[in-house]
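Take a look at the structure set out below.
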């Protein structure tokens, strides 16, 4: 057993890591529980939590209690705070809009002068407009709260993958080698085949439905990568990749084909086709998208049935990624050159 009874450990619970103590250790054969789980399992008590939270966990959810893993614990907490702040800011910007932001600022100024600086009457019309906009904002927030929530459970092995990915890039100054193989596009195609193979076992597996889900995932990925899925240290790599793509397009056959098509359409001066990230990036960045998807979907107008269907597909896709983890994720990151590191100004 990798962990001993009474040993202090770190344990994944949801997306975060907590300090815990091993109370029992057993090697399961699959007969001990209805899920048929096998291998080493540990009964843990989380420090400072009630005993009702004590639970059996597989070995993959535990980490040794050392400085390196404490750093991972802290990194996950900080990442979660950053994502929460970003999501809140995005929600505010999305719901309120520029005009409501200005109205809110005006409202604060009005409130500041309400004690009697002699200008209250002159601002009454502005205040009434600000109040109306304020009501609109509250109504928008109420609508947001009523929207169906989507919760994705990231498999434990993929959580560790995310932590290692973060550490390799932000701490070790390494990069995912690009272009990746398989690409995100390849993985989406593979998943469709994997999903449809289960058609005989499960009813209702329609090609049109999975096609729509995968098209949406590809669109989300291509639109999100540049702004939301890259660590700061990776941005220069992304810029360079786009430059190389543009250069290849201008000098190669792709440019000739694009120019011919543009000329036929009367638009010979249009720029070459933009780089699609799903053609160059792979599982590492796709997994980051899954972490952000609940927040993205919360700001759509999808109904409860659509959200439920999407959740099923996303959960199964995560299972597919976990099952193929060793094959689809890069085993060794590239060491960035000193010149590259300097170019990032980090």
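In case you wondered, yes, glycine gets a Cβ from its N, Cα and C as well.
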Open item on the list: Among the residue ranges 42-91, 92-141, I'd like the one that TrEMBL describes as region 'Disordered'.
Closed with: 92-141
TODO: Run through the domain 'Chromo' (17-74) and tell me, per DSSP, how many residues are helix, strand and coil.
DONE: 14 helix, 29 strand, 15 coil
